[in-house]
Every structure is written in C-alpha cells, then in structure tokens.
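Database features (TrEMBL):
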REGION    24-44  region 'Disordered'
DOMAIN    262-427  domain 'Hflx-type G'
BINDING   268-275, 294-298, 316-319, 384-387  GTP binding site
BINDING   T275, T296  Mg(2+) binding site
Amino acid sequence: MPQRNSFDALPSSLFILRLFASSSQPPRGPLPISRGQGETPVENEDEEYGKYLREICAIPGAGHRVLVIQPDIKTGSRRYAMTTRELKLEETCALVQTLNNWKVVEKRIVRTEQDRKINVFGSGNFKALIREIRSKSTISAVVVGIDRLTGLQVSRLQSAWGLPVFDRYTLVLQIFKEHAQSEEAKLQVALAEIPYVRSRLILIHGGFDAGGANLVGGNTPMELEKRKFLLQRREVKLKKELEKLHQSRQSRRLMRVKQSVPTVAVVGYTNSGKTTLIKALTQDATLTPQNKLFATLDVSQHQGQLASLLKVTFIDTVGFISDMPITLLDAFRATLEDAVMADVVVHVRDASHPDLRLQVASVHRTLSTMLSETKMANIIEVYNKTDLLSEEQLAVLDSGIVRVSAATGQGLSELSTSIEAGLLLSTDLMQKTFRVPNSGTILKWLYEEAAVKSVHPDPRDSQYLIVKVIISTAAYGKFQTRYARKRSPAGMS
C-alpha cells in the first residue's frame, strides 16, 4: 500500500517537478541524440538531461492508486457542451487505467463554477476535498479531469492535498512515453515533452520552490539559464533527427506515387477500431489490434486491395482525443503528413460509444487544422462496431454513413465500394471498358497494369471479351500507344 508520509515530508513545491509516477520498471531515461560533426556538445548533455528528467518523473513506488476528480464546470469555455460530466469522468479513468501499474481506487464529480481559479474548486468543496484526501492512506495521487492545469494550480493543489496532482495532459503524455515503440515515435514524444519540462523549470526557478527542494545543480539564475539552454539544444537536435526521418518518409511516399498505388488514410478517435478495420480489409497478419487507448503511435502502411481488385495502401494513424494537447499534435504533425496527403481519408467512428457525438466533433476539429476544405468535404465516414448495437440503436444512426463491423466483416464490401468511388474522384484513376480478343497479350497486359473488375464474353462475337477495369491515366496512355494506335481490334469506351 502506498505510504503518504514520504510525500507529506517533501516541500510542496517539489511536487511541481514530480509530473509522472514511475512504474515497477526503472524510469525511462532521455533518448540519446546524435551530434553532427563540428558541433560543440554540452558536456555530458544526455546525462544532465536525464538528471533533470528524473527530478520530474521519478517518484519511488510501483505506480499509483488514484483518486480521479472530475470537475463539473458550470461556466467558462471548458464547460461540457457535447458530453456529460459522467462520460468525461469515465474517459479520464480510462486514461489512468491505461498506464502501467496505475489503478483508479476512487472517483467522484465535484461542482465548480469555473476551473480557472487557483484552487480549481470553490472554497467549500476545496476544504472538503482537503479533509477527505488527507484522511485516506489508500490514495497515492490525484488526477483532476481537465485538459491542462496551470503550474500554479498544480503547486497549490499539491500543497493543500499533500499528494502529486496530474491533469489529462500529463496522463496522455505519459501514455505516449509508455507506448512509443519505433525510433520516430520515441523522438516525437521526446519533442512533445520539452515544452512541458520547460514550463515546470521556469516555475521552479521563478520562486515557487520556497521549500528549498534539492535540485540537481542548485536553484540559481545561472542554473536556470543552463537548463533552458540544454532544453533548447535538445529541442533543436530532436527536430533535426525527426527531419531526417521525415525526408526518408517523403522518399517512400514519392516511390508510392511513382508506382501509382493510391493511398487511403484511416483516422479516428483513439480506440475506435482503426487498426482492426485495416486488418479486416487487408488480412495483414502483422497487425495486432489492442483494446486500449493510444495503442497505435506510429503511422504505418499496409498493402491491400478493394473488392474491384484495385491495389491500395492503407495508412494506420495515431488516434485523437478531445482537447488534444497542441504540443503533442505538433510533435506528430510530420508523421501525420502521410494521412494529410492520402488520396482518401476514412474516418472511423465507434458507433457503440456513448460519447460518440463528442468524439466525432473532436476528430473533425483536429482534422480541419490539417486538411483542405475539399478533402474535409470528401471524408468517408464509417460507423464501426455496429455488431455491438441493438436494432433500436441502429435505427437512430445516420443512414448516409457506411456501417461496418471490423470484427465480423459486416459492411466491408460496401465500404470498399465507397473507397473506390472516392479514389475515382480524387485521383487520376478512371473506369474504362475494353473489347479485346479472348486470346493474345492484351488481356494479360490489362491484368498487369490495371485493376480488372469484370470479364464477360462479347454477346455479339464469341472471339471477344468485354473487360471493365480501373486504370490510371498513365497506364491508359500506355495502352493507347501500345494497342489502340496500332489498329488493334481492341475497342475502348
């Protein structure tokens, strides 16, 4: 069971540095950054940053037993417009439970007129929370379910409650740190971490550390400047490393363009079933969907084909969440370029989720900052997980949106047809019908260079076939050069 006394003995302002609790695994250190030739490195730069990071991240123990407090905000810009306080509480709890060795032991909704005040809550509720939290030894941390607490609010709440306090931003950032697998994902999370570390350092050195916390290197103006300089250097180098990967990604994208393989980006709220849907469409055995928030942090490509046999590349993407921190979005923006530049965007909605309306609005709001108006207007909307709905629930869904179940395969053919129609609008692909001899090289060429949708005997002449295909402009030009302009008996329409 967590011991509270160790927290009570610490100066309240030290908690400003304690943003994340460690799991049973040792805290992750900083990602080493390569240095270019001719650069003068800060001595032991990665080691120094690691020390600073441990001040921020390392609390002894195996995770946290958490009290989740969901403010019921009555006024201000952050009051709940498209959701309920109960649903917001459940999502905050889900974020907590996603972290290794974190467990929600209690949860409650507490009314507040607006959450911008330093104590977040009104004086009566705030005093009641102080009494309750300080009297319970089963709680080791408190999560306040709003997107971002100010540093001053964190300091005040931790001082009053005697426990580490976290907001949704810190939870999401820590989840990203735990789930990052590839080099690119780790670099992006490390970059997203910098602004948060910087803001906390400024608070510490700005006078909020009156308790005299034992900081690495001391708490002098010179030490603050040293830390700010280190963070700036680290930020620049992270961006350089990401730019190298970005260039590599651009090269792969150009290769796909040269190969005339259309791309389909699959986007949606976290845990809406994007990866499961791509696996159902591609039969890619390497995909391992997981029923948890932010299981996918890497944008990955998966080859598949539509019902018409048209070859496409499906792009799996990072899931979104309401009030997505802008620093996280910015860090992943280069990766999301593959989705932004895709020929078709498919938005997967979890039709079974009670907070569907908010989730859809959150995804649209985020996408609108990245996509053109034309691409936004042409998004293919998909209801997923319809197998979990009753007949009454299905009846109230928008009839103009494709309904699928990635788990059962229901509706996948209709979705494939919708994607094909979208690609015909957004790319140089065309539908063509050819009349070709039933022997010779023409039919073989069409199978190699186009997507053959159907082949039927010509009812007027058994020596010919009617072939319907989807073909690119470039391939169609080759066909004309190779066959039509040589007075071949092939016909076209």
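Cβ atoms are placed via backbone N, Cα and C, with glycine included.
Because TrEMBL annotations are produced automatically, they should be read as predictions rather than curated entries.
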Sort G268 (GTP binding site) into helix, strand or coil using the DSSP assignment.
-> strand
Rounded to the nearest Å, what's the C-alpha distance separating K385 (GTP binding site) and T275 (Mg(2+) binding site)? Just drop the number here, would you?
-> 13
Other Cβ atoms within 10 Å is the metric here; tell me which of the binding-site residues K274, K385 scores highest.
-> K274
Segment-level pLDDT (mean, integer) for the domain 'Hflx-type G' (262-427) | 89
The rounded CA-CA distance in Å from K274 (GTP binding site) to T296 (Mg(2+) binding site) is 9
Quick note, N271 (GTP binding site) and T296 (Mg(2+) binding site): C-alpha atoms separated, nearest Å, by 9
Give the distance between the Cα atoms of T296 (Mg(2+) binding site) and G268 (GTP binding site), rounded to the nearest whole Å.
-> 11
In sequence order, which residues at least six apart in the same chain have a CB under 8 Å from the CB of A295 (GTP binding site)?
-> H179, N271, T275, P289, G319
